[in-house]
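Chemist: Here you go, one structure.
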Amino acid sequence: MPAIENLGAASRTSPIFSPEEVTVIFVLGGPGAGKGTQCSNLVTDYGFEHLSAGDLLREEQNRPGSEFGEMIKTYIKEGTIVPMEVTIQLLENAMKAAMEKDGRKMFLIDGFPRKLDQAHAFERSVVPSKFTLFFDCPEDIMEKRLLNRGKTSGRADDNIESIKKRFRTFVETSMPVVKEFESQGRVVKVDATRSPEEVYQDVKEKIKAWGVEPINLKFVPA
Ligand SMILES: Nc1ncnc2c1ncn2[C@@H]1O[C@H](COP(=O)(O)OP(=O)(O)OP(=O)(O)O)[C@@H](O)[C@H]1O
Ligand SMILES: O=c1ccn([C@@H]2O[C@H](COP(=O)(O)O)[C@@H](O)[C@H]2O)c(=O)[nH]1
């Protein structure tokens, strides 16, 4: 992953990509709702490039010499939102890298935008999203999933103190993003309380209505 060379992306006043050329689907939901799990399915069947904002931030945090490492670490531990200049630049760099590497132009942006100003800035400066896939799940279920994941994840924020803080940030800061997109008719809402297979089935049916179809990977002999 390329280093952050500058933080100019978020301040651009017009999008660098056109939505006709580049498709972005935001994937939102509370911590532990199952976003990453479902994104993996969609990558396999639809050929999306999956960009987890949290993963990109953790990578930058661990990159030797990063001037943002310590700051990112603190925000993640506290369950608060890293300033958008950093996250948007990381996302833009990752999108460009994927396009250069294998020409991929369909992106699932997982766990972003987590704040209204981030949503506005990304759509203004990078590309307007097609829609938002929202995984709806109550906190008691998410808490169980995260504590279970915490047994092996090694994540600094999969502990009960950080989880509670992440829930509060989600309700207070990230839900307004979902609400705004919902008011614009740009949210595909999925009940994430069911098994991963049932959730995925529902995702597939609902995104079909938005013209998103699986890629045909079957080999057809001549
Ligand atoms: N539908 C499901 N039912 C039960 N467990 C699930 C389901 N979906 C995911 N999980 C499990 O719950 C945990 C959290 O899932 P996942 O990492 O996909 O969530 P997430 O929304 O990406 O979380 P975060 O926002 O914290 O990164 C994982 O251990 C995963 O295996
Ligand atoms: O856009 C983003 C995405 C994530 N963060 C920070 O990272 C952690 C972990 O995110 P996951 O999506 O659960 O991997 C999150 O709690 C935030 O602290 C962010 O600041 N901005």
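From the backbone N, Cα and C atoms, a Cβ is placed for every residue, glycine too.
All annotation found in TrEMBL is predicted automatically rather than curated by experts.
Pasting the feature list from TrEMBL:
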{"type": "BINDING", "residues": "Gly32, Ala33, Gly34, Lys35, Gly36, Thr37, Arg149, Arg194", "note": "ATP binding site"}
{"type": "REGION", "residues": "52-82", "note": "region 'NMPbind'"}
{"type": "BINDING", "residues": "Arg58, Thr80, Ile81, Val82, Gly111, Phe112, Pro113, Arg114, Gln118, Arg155, Arg166", "note": "ribonucleoside 5'-phosphate binding site"}
{"type": "REGION", "residues": "148-158", "note": "region 'LID'"}
Chemist: In angstrom units, rounded to an integer, how far apart are the Cα atoms of Ile81 (ribonucleoside 5'-phosphate binding site) and Gly34 (ATP binding site)?
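Modeler: A Cα-Cα distance of 19 Å.
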Chemist: Quick one: of Gly32, Gly34, which of the binding-site residues has the smallest count of other CB atoms within 10 A?
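Modeler: Among the binding-site residues Gly32, Gly34, the lowest count of other Cβ atoms within 10 Å belongs to Gly34.
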Chemist: Which binding-site residues from the set Ala33, Gly36, Arg58, Ile81, Arg149 have a C-beta atom lying less than 6 Å away from ligand 2?
Modeler: Ile81
Chemist: Using C-alpha atoms, which one of the binding-site residues Gly111, Gln118, Arg166 comes nearest to Lys35 (ATP binding site)?
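Modeler: For Lys35 (ATP binding site), the spatially nearest of the binding-site residues is Gly111.
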Chemist: DSSP three-state call for Ala33 (ATP binding site): helix, strand or coil?
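Modeler: DSSP assigns Ala33 (ATP binding site) to coil.
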Chemist: In the region 'NMPbind' (52-82), how many residues does DSSP put in helix, strand and coil?
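Modeler: Going by DSSP assignments, the region 'NMPbind' (52-82) contains 20 helix, 1 strand, 10 coil.
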Chemist: Which binding-site residues, if any, among Gly32, Ala33, Gly34, Ile81, Arg149 have a Cβ under 6 Å from ligand 1, given in order along the chain?
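Modeler: Going through Gly32, Ala33, Gly34, Ile81, Arg149 in sequence order, those close to ligand 1 turn out to be Gly32, Ala33, Gly34, Arg149.
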Chemist: Need the DSSP three-state call for Arg194 (ATP binding site) to compare against my parser.
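Modeler: DSSP call for Arg194 (ATP binding site): coil, neither helix nor strand.
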Chemist: Including all protein chains shown, what's the count of other C-beta atoms within 10 A of the C-beta of Gly36 (ATP binding site)?
Modeler: 17
Chemist: Distance check, please: Cα of Gly36 (ATP binding site) against Cα of Gln118 (ribonucleoside 5'-phosphate binding site), rounded to an integer number of angstrom.
Modeler: 20
Chemist: Pick out which of the binding-site residues Ala33, Ile81 has the most other Cβ atoms within 10 Å of its own Cβ.
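Modeler: When each Cβ's neighbours within 10 Å are tallied, Ala33 tops the list.
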Chemist: Would you mind pulling the DSSP three-state label for Pro113 (ribonucleoside 5'-phosphate binding site)?
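Modeler: For Pro113 (ribonucleoside 5'-phosphate binding site) - judged by DSSP and reduced to three states - the answer is coil.
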